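K.L.:
Following this message is one structure expressed as C-alpha cells.
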Amino acid sequence: AARAPMHGPPAGQRQASRAPPLPGRARGYAEVRPLGRGSFGVTSLVRDPGGELRALKAVDLRGLCPEERAAAANEARVLASLKHPYVVRYRESFLEDGALAIVMDFAEGGDLQERIARCRLSRGSLAEGQVLEWLTQAVLALGYVHDRRVVHRDLKSQNLFLTKQGQVRLGDFGISTVVENQAMVDRTTLGTPYYLSPEICARRVFGFASDMWALGVILFELGALRVPFEAPNLALLLQKIMNLSAPTLPPCYSGDLRDLCRDLLCREPELRPSAAEVVRRPLIQDQILRLHRAARLHASPTAGSAGTSGLADHGRQGGGSRAGLPAAPRTPAGAALSPPAPAPHEPAPQPPAPAP
C-alpha cells in the first residue's frame, strides 16, 4: 500500500483523464477502448484504416507548457528514428485539433509489470528461462537504443510491453534524451522513483549507466516479484537507494543470473556493465542461441506468422537472422555474439513539430 502514491496503479487499472476527442478519425482510425496513461498523453486502442489494431497516444498540446510540448514531440521523434525487433514499432504521427497523435504497434500481451503482479498474486515465481528470455530481449533493445545515443530515462517493467507471443517490446520514450557528449545528460525530468539510480537520487548527471541500473531493478523484480527498495515516502526511498546495498535475487536462481543482477545494481555507475557487456555474458549468449533456434522453428518461408513476420522483415533488411537477432555463431568457440548492426531501411516518416 505504501507504494501506490509513487508508482501509480497497474497499467490495466489506470484511468485516462479528461481528454480532447480522439484524433485520427478523419484518417480512418476508430477507437476500440482506452488503454491508460503514459508520459504526457492518453493512449487508446484503435483500429487503423486497414483493420489492424494499433496503439494511438494522444497528447493535448494546448494544455502543456513549452517544455512539455517539446517532450511530447520528442517521443514521436525518437520512435521514428528506431527500428528494432524488440522496440515498439512507430507507424506515424500527426497533428489534429491541437493534439499530437503517435500511432504505434499494439502489444497485445500487456506489460511485464502486469505479469509480475499476476505471478505475485498467485504466490508463484517466474522460471529462470522465462526471466532470461525477457531480460535478453530487453538488453538487446536497450543496446540498440544506446548505440544511437538515446538514454531512455524511464525504463521500468511497465514500459516493457509484451506481444501476444510473449516477446518484449521496449516503449514509452516520452522523456528519453539523445546525448552528444560522453553519454551524460543533465538531471531534468526524472523517471519512476523505484527505478531511479543512486546518481539520479544524489542529483548528479547521469547517462546510459542509469538505464542499466533500471534494468537491474527490473531483473530483480522479475525474480523477487518486488522492487529492491521500498519505502513509505519518496525521501526515505531515495535515501535507501543511495545508501543501502541492493538485496540479491532469491537462491532459486543461478549464480550467473544473481551475479548479473548484483553488477547491474552496483551503486557506482562506472562499474555497472553496459548493455554490450551484458550481451557478451555467457548466460545471455546462450539465451540468444535459444532465441535463434526458436525463430528458425517458427519462421514461415513466406510472410511469417503474426509473431515473427516483423522480426523476419528486420532480419532481412539487416542481412542477419530472420529473427532480427545477432547473427548465428560462425565464430571460434568462446567468441561472443554481437547485437545486430543497424538495419538499412527506408527513411522513417518524420513526426510533425508541435505548434508553438
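Here the Cβ of each residue, glycine as well, is placed from N, Cα and C on the backbone.
Note that TrEMBL annotation is computational and uncurated.
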K.L.:
With the ranges 1-27, 28-54, 244-270 to choose from, which does TrEMBL describe as region 'Disordered'?
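P.N.:
Based on what TrEMBL states, region 'Disordered' spans 1-27.
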K.L.:
Which number gives the other C-beta atoms within 10 angstroms of the C-beta of Lys57 (ATP binding site), all protein chains shown included?
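P.N.:
Counting Cβ neighbours of Lys57 (ATP binding site) within 10 Å gives 27.
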